[in-house]
6 protein chains.
Amino acid sequence: MRPSGRAPDQMRPITIEPNFTRHAEGAVLIGFGDTKVLVTASVEEKVPPFLRGKGEGWVTAEYGMLPRATHTRGSREAAKGKQSGRTQEIQRLIGRSLRIVTDLKLLGERQITLDCDVIQADGGTRTAAISGAWVALRLAVNKLMADGKLAQDPIRQKVAAVSCGIYEGTPVLDLDYPEDSSCHADGNFVLLENGHIAEVQATAEGATYDEEELLRLLRLARIGCTDIFAAQARAIA
Amino acid sequence: MRPSGRAPDQMRPITIEPNFTRHAEGAVLIGFGDTKVLVTASVEEKVPPFLRGKGEGWVTAEYGMLPRATHTRGSREAAKGKQSGRTQEIQRLIGRSLRIVTDLKLLGERQITLDCDVIQADGGTRTAAISGAWVALRLAVNKLMADGKLAQDPIRQKVAAVSCGIYEGTPVLDLDYPEDSSCHADGNFVLLENGHIAEVQATAEGATYDEEELLRLLRLARIGCTDIFAAQARAIA
Amino acid sequence: MRPSGRAPDQMRPITIEPNFTRHAEGAVLIGFGDTKVLVTASVEEKVPPFLRGKGEGWVTAEYGMLPRATHTRGSREAAKGKQSGRTQEIQRLIGRSLRIVTDLKLLGERQITLDCDVIQADGGTRTAAISGAWVALRLAVNKLMADGKLAQDPIRQKVAAVSCGIYEGTPVLDLDYPEDSSCHADGNFVLLENGHIAEVQATAEGATYDEEELLRLLRLARIGCTDIFAAQARAIA
Amino acid sequence: MRPSGRAPDQMRPITIEPNFTRHAEGAVLIGFGDTKVLVTASVEEKVPPFLRGKGEGWVTAEYGMLPRATHTRGSREAAKGKQSGRTQEIQRLIGRSLRIVTDLKLLGERQITLDCDVIQADGGTRTAAISGAWVALRLAVNKLMADGKLAQDPIRQKVAAVSCGIYEGTPVLDLDYPEDSSCHADGNFVLLENGHIAEVQATAEGATYDEEELLRLLRLARIGCTDIFAAQARAIA
Amino acid sequence: MRPSGRAPDQMRPITIEPNFTRHAEGAVLIGFGDTKVLVTASVEEKVPPFLRGKGEGWVTAEYGMLPRATHTRGSREAAKGKQSGRTQEIQRLIGRSLRIVTDLKLLGERQITLDCDVIQADGGTRTAAISGAWVALRLAVNKLMADGKLAQDPIRQKVAAVSCGIYEGTPVLDLDYPEDSSCHADGNFVLLENGHIAEVQATAEGATYDEEELLRLLRLARIGCTDIFAAQARAIA
Amino acid sequence: MRPSGRAPDQMRPITIEPNFTRHAEGAVLIGFGDTKVLVTASVEEKVPPFLRGKGEGWVTAEYGMLPRATHTRGSREAAKGKQSGRTQEIQRLIGRSLRIVTDLKLLGERQITLDCDVIQADGGTRTAAISGAWVALRLAVNKLMADGKLAQDPIRQKVAAVSCGIYEGTPVLDLDYPEDSSCHADGNFVLLENGHIAEVQATAEGATYDEEELLRLLRLARIGCTDIFAAQARAIA
């Protein structure tokens, strides 16, 4: 039934390649099938103005898509002179999702920026970005601890994200582009390894949905995130 | 328990003043307690480029907050030269929420823009904006029908929105500013009168939440939206 | 002769509603007929860089028009990414007009920002803004004095403004939109209660004017400002 | 009494050098003493969108100041990415002043742009710009007529401008920078050769002024403009 | 002598991975040692306005660097709202270099955009970009020919680029970052396979250079480009 | 053979008018034939952030072209809200060229900004700008030394620049606009009086060039710069 032939509760292959580039404190190329996102974690020993002198750190994210990551070329945001509403919405979501698993007091007065750049897009770029960002953050924090800059681990939990939607009447896990562009409802779920929820964004597209469908999407998301948590564990092993 | 003394499932007073200004095809001042949003619906007999010649209409929204709608003055977005990520996120949400209840083919090749300007803010500006925008849209469509420009009503349903959150451990309905700024989880729910869901955006702030809490927030939202649908009905009567 | 049936030297009804919103130190909704402007005065305990450490305060203004304040929807300046020349010209005029009646040394090292947002436009928005801004400033200064932050009143005078023009050959007071868009000459007069002039901006539109006409416009402005000063006095009573 | 030793009603030397550059249809370097403005008139055989197909032309102006035209270097507007409110206010004034003496129907569907760039500033740059712009416009229209593109002269009148102000209690003509920066009131007067007024902008700076002072400034402006009209006539002879 | 231990006339390993991403008509990941640039070629069946209706095509380039491609994080140009002068200079150079080997008339009314995004930087990003862009262009043109959209090959020649500089007194080939940041003169050479020169940009940094040194740099560039031409040939084989 | 009738190795008349404007510490109007560039040198007793506290100075440049410096009017960069890539490329080149002849340590913690504004363009504006900027810099440094602010001269050498190109098969010196717009290769050469090279930028336009042609262009540039050095010497005498 699905264009890819996957079962409704089947993720695409998850690939996580740590240390894909060498300058960043943490770097990972994450793939959910043909969706490929390069995430780097950059540590800076300063915090944004609103946090100065408060003894707390900050975790933030920026998101971008290479102009030809998509089927047809999109214009370059740097050339247009501004980031789209979609870009800003996504990078705010990524930042929130990583902050919720980080103890900012334990991090100390430093900032970690997660740059998520989509190299190739096939649906689910924001959820792949969040899932990869956790690995990049983990690698960067490991380095801070190995360098003796952090005594205690500020990361409390694993976090992962996946999109689910109702495609031709059936709730399915991990939408790819053909599904994403024609599904009736589309949810992004950000979950913690302990089962808690960090964020649900479930949007009707074309048709609204009911409470039962919301719960079925959430259950699919739990299945997918279990796979992602395992892949994250392998990547940092 | 709540700073305002309200019961957990109690909305603030909902006020809807139709025709608050005179030039727009639809105009309403909506209040959720001290949150006041002026919404106008402007009809233009043209559609955005991507829809030209397709025989379909468009409904879109813009959102703004007067600099001193808030406790301390915020800078004016027009003076800064760009809309914040928050503003763009909100106006995209408003637009989606109104499009989901509109049959764009029945609307014909015209655009209705919902301008939502926050005159005074006390939490829940985006949900008040959505709830008021439906009334403004309804008034504008009524005018198109009265003028003979539309034979069939393109509005399928009422739509309303409300925020709920977990405040000091208790799920509460219709967060005001003191609650909004200290709650542990914060959800915006956009619901249809038939009980269907248009959008759920539930975000952990400080602490994550579980599935049971998500459902309790959703149930509170249903209670609140029932009140809003009634207020909308009175406003257009 | 006038579209509204008013006598040449007749103002539209002046309405001033103090405390229209609650967060600002001063807030007023002023109406010149169907022109409605919300003005808030925000006090900040800091001054712009060029005044730091000089023991003087600053009074400044910002002006905006809601997109559908007008007959047809105008584009939102925040979305376009810049304020028009007209907007900047008007907010500079408002700022100058209020500074001329304020003793900036007595104000001390603080800034008062007057945000003038046009809710509904029917000609004369800048003159209504100036006239309302004085009331908002007065309310904010009263609050500073009541709070013991100011020992001496820095406001020296009332200031008001009105537009006059030559409409179908006749000088008329307080142009509304139909008059404004077809008059031959159009002047904005900013006057003090003691009869002095703060600013004259008299522009030929379509036809030039002579000295006698300039003086007749000025005399009409005096008549109008007398009414406005009285309305200001009632508002702060 | 005046820093320059001039009599109160004495203009600075007016110099007008036509054809200062060679590409423009009209070009002039105008000097009011040490204030030097290069004005070019560029003819384009198209009109702005709002005039297309109406059989009318347009006259518009742009204004700029070289970064080191002034005593201390100002930042370059092109580098800052926007024109200041002052710049926009001035270029709108110049455009209006030239349009009021042009019969736009006779001009036909073409646009003339007056670029006014201040090479050296010593007060009165906007009034020198208007006065020089008339000569550049005259030269460009002469060329259109010589080329057979215009049968009838669309320029109705000469227009000139000068600033006057109250300096140390005395009304004086043609303020230079030392006067401009310390005068109590400052007016820009745009006058036609037939004595009519195109624009008065008289602003209190530090102290307000009365009707008698306004009239004395206007009379000084008439004296100054007589000199400018003569210089304009010599320049195009 | 060189930090990397290379001989003065020795290139870093050149790696070219064609089809690195799948949506673009041509895509390649090129590496000059640790410098890695992803280049995609996007074909659009339209030309920029200045070429419309002239029967000619266009080849253009855009360049970007991921924020953490470098040793310390640079700010994201999309977030800053503009491309730096350096970025614009580089993308203009890439575009010129590819146009010079393309017969734009044979290309027909279509545009090929070469997006060059630096994934990891270690000196020589612009020269790697040009060298990789040729392969991406070749792949895209091959596809156009295979699809029957082009009868004749519009690519006339191979083009490649390499940087050379005077490092501690010795002319060396293919500067890496440690060399680039401390060399006395730095040249970028864009060469054709037939030995002709497309562009020389040789800049003194710290110390000027003489004609003999310029020629020695050019000779080194010829050596390096021979290697690059061979790698390009292997990549498209 | 050349449109102007000049010999292949013949410069246009070089005119340098020092002190063309009066506020800047150094100011010059330089002409290469009909190309006229006003260059001012502004001294500020501060350095950019990256140099603060290092005991070194900075020399930088900005470049602009008046809208009607050219045959047809170009749009004003300040009005468009950004500087073109060409503008930024040129001002970076001018800055580098002047820094290479300045001992920044001797200059001390101050910045000299060279504003190069093209009053009239006929090819070679960037090379005229560099050549004139040296004179403006010289005048400003002379003033600093005369004022006792500098004990030792930080300017090491004269620097000049000229463009050469291959026009109808013949290498020619100092391209004017008709040559520039149709030549096959176009080089900008920045040379020191001692014969050393500061910068070569030689670009194929339409056709590539070989090493022999590059050398012939460089030799022509040496001839031209000899003339410019002489003109610079006369200007500061």
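Each Cβ is built from the backbone N, Cα and C atoms, and glycine gets one as well.
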Using only what TrEMBL says about phosphate binding by A:Gly124, A:Thr125, A:Arg126, identify which of A:Arg68, A:Arg73, A:Arg76, A:Arg86 is listed for that site too. A:Arg86
If you draw a 10 Å sphere on the Cβ of A:Gly124 (phosphate binding site), how many other Cβ atoms land inside? 28
Residues satisfying Cβ distance under 8 Å from A:Arg126 (phosphate binding site), sequence separation of at least 6: A:Tyr63, A:Ile90, A:Leu93, A:Ile94, A:Ala161, A:Ser163, A:Asn188
Neighbour count, 10 Å Cβ-Cβ cut-off, for A:Arg86 (phosphate binding site): what number do you get? 14
Secondary structure at A:Gly124 (phosphate binding site), reduced by DSSP to three states: coil
Local confidence of the domain 'Exoribonuclease phosphorolytic' (A:10-140) - pLDDT mean: 97
Any further residue of that chain within 8 Å (Cβ to the Cβ centroid of A:Arg86, A:Gly124, A:Thr125, A:Arg126) of the recorded phosphate site: A:Tyr63, A:Ile90, A:Val118, A:Ala121, A:Gly123, A:Thr127, A:Ala128, A:Ala129, A:Ser163, A:Asn188
Here the 10 Å Cβ neighbour count for A:Thr125 (phosphate binding site) comes out at 26
Using DSSP, how many residues in the domain 'Exoribonuclease phosphorolytic' (A:10-140) fall into helix, strand and coil? 42 helix, 41 strand, 48 coil
